[in-house]
């Protein structure tokens, strides 16, 4: 039987692009571990992706996961768009390169053999864990220490 894990995530950006951060909570049998980090120049979508990636990469064995995010970009990307992106060699329907491909590929790899149920929660609507993740992400964004080497300025 797989371990049942809950993950809650959020990303924040002070300006888009600008300093950003992510926050994540991993819960297993009432025990919680939090994750957060801040980047000097990034985007909100990249931080939303990083929150999910870091939490999933922390899992040491195959798990049954309920992952809650307030990002439709992340939820739709992983449940609907990614399959066609991969078939097209990481291109969109109009043959343009997928944005944030480095993180989408990393998220795809982090899924591993986990059974994941992706849940969308409305942001800033009083969901306790989402609010905590938002606080972690915003605090990290206000004190960025890392460089987002995968961030590319759009021209």
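Positions of Cβ are set from backbone N, Cα and C atoms, glycine also.
Residues annotated as domain 'RNase H type-1' in Swiss-Prot: 1-142.
Per Swiss-Prot, Mg(2+) 1 binding site is recorded for 10, 48, 70, and the stated evidence type is sequence analysis. DSSP assigns residue 10 (Mg(2+) 1 binding site) to a strand segment in the three-state reduction.
Annotation source Swiss-Prot lists Mg(2+) 2 binding site at 10, 134, citing sequence analysis. When Cβ atoms from all protein chains are considered, those within 10 Å of residue 10 (Mg(2+) 1 binding site) total 33, not counting its own.
Across the residues of the domain 'RNase H type-1' (1-142), the predicted structure has a mean pLDDT of 96.
In the three-state DSSP reading, residue 134 (Mg(2+) 2 binding site) counts as helix.
Taking 10, 48, 70 as the binding-site residues under consideration, the smallest Cα distance to residue 134 (Mg(2+) 2 binding site) is found for 10.
Counting every protein chain shown, the Cβ of residue 48 (Mg(2+) 1 binding site) has 28 other Cβ atoms within 10 Å.
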